[in-house]
Structures are given as C-alpha cells and as structure tokens.
Amino acid sequence: MDCNHNCEGCSQDCAQRQNPQSLLESPHEMSQIKKVIGVVSGKGGVGKSLVTGLMAVLMNRRGHTSAILDADVTGPSVPKMFGIHSRAQGNENGILPAYSKTGIGLMSVNLLLESDTDPVVWRGPVIAGTVKQFWSEVIWGEVDYMFVDMPPGTGDVPLTVFQSIPLDGIIIVTSPQELVSMIVSKALKMAQMMNIPTLGLIENMSYATCPDCGKQLKVFGESHIDEVAANFSLPVLGRIPIDPRLSAACDRGMIELFEGDWLDGAAAAIESQK
Ligand SMILES: Nc1ncnc2c1ncn2[C@@H]1O[C@H](COP(=O)(O)OP(=O)(O)OP(=O)(O)O)[C@@H](O)[C@H]1O
C-alpha cells in the first residue's frame with residue numbers, strides 16, 4: 001500500500017509511522033497549574049463530586065492553592081456544595097472562576113446557566129467542548145492542585161476530557177455495592193491508554209457508625225476494596241463513612257466546614273507524587 005503519510009487512517013506499523021498527534025489543550029496563558037488530578041467513578045451517585053470537593057478543601061487546609069474544574073457537565077453538583085449560586089464573570093482576557101469562602105477556584109456549567117435548575121440538554125461534542133474551554137479559557141491563576149470532577153463512565157465525553165486535559169493522575173471512587181473489580185479495571189485501562197497514573201482507590205459509603213454504641217455497620221455488606229486494590233496493585237487511599245452530616249454540609253453549601261480525617265492519607269499521597 002502506498003504511504004499517504006496520514007497515520008490516523010492506517011494500521012501499518014511501518015518505519016515512517018509518526019506518534020499520534022497530542023490532543024492536549026493548552027491552559028490559559030494566565031494560568032499556572034502545577035498538578036491536575038482527575039476524580040473518576042463507574043456510575044453517578046457514588047460520591048465522586050463529594051470526594052472532589054473534600055480533596056480540594058483538604059489540600060487548601062494543608063496550605064496549597066486548590067481549584068475544581070467540574071467536568072461532570074450533565075450532573076454538576078460542585079457549586080452547590082460550596083454554596084456558590086453566582087454566575088461566572090469574565091473580562092477581556094477570559095473567563096474568571098468563582099471563588100469559595102476559603103478561596104478555592106471553581107468552574108462549572110452551573111455557573112453559566114441562567115438558573116442552576118436548568119437541565120443541560122447538549123450533545124456530546126458540545127459538552128466536551130465546554131470542558132475544554134474550562135481548561136483553556138478560564139483564568140485559573142496560580143494553582144497547586146486542580147481536581148477535575150470527571151464525567152462518569154468511559155464514553156465519548158470522558159474520553160475527550162482524558163485526552164484534552166493533561167492529568168497527572170486519577171483517583172477512582174467506588175462504593176461497596178458496586179461491581180468494584182469491573183469498574184476499577186475499566187477506569188484503570190482507560191487511564192493506562194492515556195499514560196496517566198492511577199493514584200489509588202477511595203471507597204465512599206464504606207460503613208455507618210451507630211450513634212448509640214459506636215459500632216461500624218456495613219450497610220452495603222462486606223467491602224471488597226482491599227482485594228480489588230491488591231489485585232490491581234493499587235493503594236486504598238481512604239474510606240469515607242455514610243454520614244448524614246456530610247450530606248447536610250453538601251446540601252447547605254458548607255462542605256468547607258467538614259470534620260473527618262478519612263482522606264488525610266489521600267492528601268499525603270497526592271503531596272508525595274513526583
Ligand atoms: N459518605 C456520604 N455520606 C452521606 N452522604 C453522602 C455521602 N457520599 C455522598 N453523599 C450524598 O450523596 C449524593 C450524591 O453524591 P455526589 O454528588 O458526590 O455523587 P456523584 O458520584 O458525584 O454523582 P453524580 O455523578 O450523579 O454527580 C449527594 O447528595 C451527597 O451529599
């Protein structure tokens with residue numbers, strides 16, 4: 001077959017084969033973002049946004065500048081968690097993030113909608129384009145750790161986000177009632193395809209503590225997170241209990257006041273990542 005130098009449509013492994021073109025977008029010229037961590041889950045509702053929010057708060061408490069890019073465009077829950085209901089502002093240079101009470105920068109589609117109860121009925125390419133703009137057209141300024149609340153699953157939109165934002169690592173959030181092994185395997189393979197390291201697993205809704213006797217109740221049955229983590233040679237970075245104070249804090253926009261040391265190990269692991 002004659003070579004037309006278009007490697008994209010050709011499966012030959014010849015000497016002229018060029019590396020695939022990078023699809024990574026450049027950040028805004030006024031952004032200096034040191035580390036970007038994607039937070040992924042197999043399906044919605046396992047607490048991916050909660051973990052994203054808690055990690056940003058923790059890193060901020062530990063003296064780093066943190067930010068959240070809410071790439072979960074069809075289920076954006078981050079602004080509410082931080083009590084932000086304002087609209088995003090812009091200037092001649094680009095779009096400005098909203099800032100939480102403790103100074104965490106946020107960008108979410110909910111900051112662009114007229115009302116945060118409006119549904120996002122957009123097709124995949126528009127959603128993916130919006131997320132790319134959150135990276136390349138938002139003036140993030142200086143950020144030590146940016147957490148990206150990734151769109152759930154492994155479809156077109158999460159794939160585009162993986163390809164366009166230069167992630168330094170991902171954290172996989174699971175819950176005990178899921179098919180953890182399958183979900184971890186899929187997320188891990190997707191990250192490996194893009195050469196992105198998986199930092200570890202966080203199990204949400206691991207247990208509930210009885211308010212009377214303090215016993216840990218396995219509401220969703222025994223957890224398999226340790227076996228799964230060992231099978232994939234990944235660390236378990238944290239286990240978060242079911243705690244009504246957490247959901248109340250999210251509902252009231254007061255996640256920055258959370259108390260709990262469940263994710264201290266995850267924060268330390270991120271800090272120690274080279
Ligand atoms: N450990 C927990 N204890 C109490 N409530 C929790 C806990 N984890 C999550 N929740 C609550 O469950 C709901 C779903 O959580 P969250 O929005 O973080 O999930 P998600 O995986 O990001 O879902 P989606 O992808 O649909 O946005 C929220 O109302 C949150 O406050």
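Using the three backbone atoms N, Cα and C, a Cβ is placed for every residue, glycine included.
What you are looking at is a predicted structure, and each value in this text was computed from that prediction instead of being measured.
Non-local neighbourhood of Lys43 (ATP binding site): Pro152, Gly153, Glu178, Ile183, each in the same chain, at least six residues away, with C-beta under 8 Å from its C-beta. Residues or ranges marked as ATP binding site in TrEMBL: Gly42, Lys43, Gly44, Gly45, Val46, Gly47, Lys48, Ser49.
Other residues of the chain with a Cβ within 8 Å of the Cβ centroid of Gly42, Lys43, Gly44, Gly45, Val46, Gly47, Lys48, Ser49, the ATP site, are Ser41, Pro152, Val173, Ser175. Annotation note: Ser49 (ATP binding site) sits in a helical segment as assigned by DSSP. Listed binding-site residues: Gly42, Gly45. The one with the lowest count of other Cβ atoms within 10 Å of its Cβ is Gly45.
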